[in-house]
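Asker: Dumping what Swiss-Prot says about this protein:
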| type | residues | note |
| --- | --- | --- |
| ACT_SITE | Asp246 | active site |
| BINDING | His13, His15, Lys98, Asp246 | Zn(2+) 1 binding site |
| BINDING | His15, Leu16, Arg17, Asn41, His135, Leu218, His250, Ala262 | substrate binding site |
| BINDING | Lys98, His135, His173 | Zn(2+) 2 binding site |
| MOD_RES | Lys98 | N6-carboxylysine |
Amino acid sequence: MTTLTITRPDDWHVHLRDGEVLADTVRDISRYNGRALIMPNTVPPVTTSEMALAYRDRIQAHNQTEQFSPLMSLYLTDNTTADEVRKAKASGAVVAAKLYPAGATTNSDSGVTDVKKIYPVLQAMQEVGMLLLVHGEVTTHDVDIFDREKTFLDNVLAPIVQDFPDLKIVLEHITTSDAVVFVKNANENVAATITAHHLLYNRNHMLVGGIKPHFYCLPILKRNTHQLALISAATSGNKKFFLGTDSAPHAKGAKESACGCAGSYTAHAAVELYAEVFEQAGKLENLEAFASHNGPDFYGLPRNQDTITLVKDAWPVPASMPFGGDIVVPIRAGENMEWKVK
């Protein structure tokens, strides 16, 4: 197959950052996506509906397309209230709230210290139909970084699913076979996003032959057996799994340093990267469901009505891309992509 036409895709998990870099991140995310769910871990974090609407306006100021629409999310803290959830839902622009365990990832220091503290908030979310997005890692120092996801599933997420059976939950950027099994076995209100980089790479790519800082992300890349489980889930056609890039830009100097930031930038070629994975798995026919159908179906939103076309046509990814007054090194920098969006 050299040409593939699919319903216009959406990205259900992306970081655009804020300020002058929006000119670059919005350009990339809006190129062919219909919608993108914008993560709220900016500085300061987006903790109220007013902040979410103001952030949306800043994003829209750089949107040069007609088809793209940003969807907003709230950042949950120990101090989030049920009233704030109801207010956010009523705004019409905020579709989800994000649970970051405190310290789990970039700009998550304001996150939730104990999930029991936000049980009244989760109850309100269940009542009004607001989705819960979860960064599924524990942050206690006695848990190995490669085991954080599994421990979170057992100790934190399983009780939430049991206590709030009608709450729609998205386990974001899953990285383990354990997460795949958890989502498959959970009730119909539990789904997951999978990133392109966790499908394409494993920890060997990051660590063998020298440390590759641009592969460093959180949750961290796991061993290849987990990678294979993710590929199987993503390409299976199972409606519980859908596209969320977790594209997370950092300036080159912040990545290539003695204490580098976590995050990989993939928004420049997201659906093209996924197409390679699906082609290698012999499942290109399932790309449309993963990229364009399963996400809006789970969120209770209409599918996009128009299409995009991918063609098998190699093109070079630049060594770096503009990022405000700095540069970002994208995934596949200096290499060729196999698929291109016409």
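Glycine too: its Cβ is placed from the backbone N, Cα and C atoms.
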Asker: Spatially, and counting Cα to Cα, which of the recorded positions is closest to Arg17 (substrate binding site)? Options: Lys98, His173, Asp246.
Answerer: Asp246
Asker: Using all protein chains shown, find which of the binding-site residues Leu16, Leu218, Ala262 scores highest when you count other CB atoms within 10 A of its CB.
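Answerer: The largest 10 Å Cβ neighbour count belongs to Leu16.
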Asker: Find the shortest Cα-Cα separation between His15 (Zn(2+) 1 binding site) and the binding-site residues Asn41, Leu218, Ala262, and name the residue that gives it.
Answerer: Asn41
Asker: Between Leu218 (substrate binding site) and Asp246 (active site), find the distance joining the two CA atoms and give it rounded to the nearest Å.
Answerer: 10
Asker: Across all chains shown, how many C-beta atoms besides its own are within 10 angstroms of the C-beta of His173 (Zn(2+) 2 binding site)?
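Answerer: That number is 27.
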Asker: Report, as a single number, how many Cβ atoms besides its own are within 10 Å of the Cβ of His135 (substrate binding site).
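Answerer: Taking all protein chains shown, His135 (substrate binding site) has 25 Cβ neighbours within 10 Å.
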Asker: Using C-alpha atoms only, work out the spacing between Asp246 (active site) and Lys98 (Zn(2+) 1 binding site) and round it to an integer in Å.
Answerer: 13
Asker: Measuring CB to CB from Lys98 (Zn(2+) 1 binding site), give everything in the same chain under 8 Å that is also at least six residues away in sequence.
Answerer: Met39, Pro40, Asn41, Ser73, Leu74, Tyr75, Leu76, Leu133, Val134, His135
Asker: Between His173 (Zn(2+) 2 binding site) and His13 (Zn(2+) 1 binding site), what is the CA-CA distance rounded to a whole number of Å?
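Answerer: Answer for this pair: 8 Å between alpha carbons.
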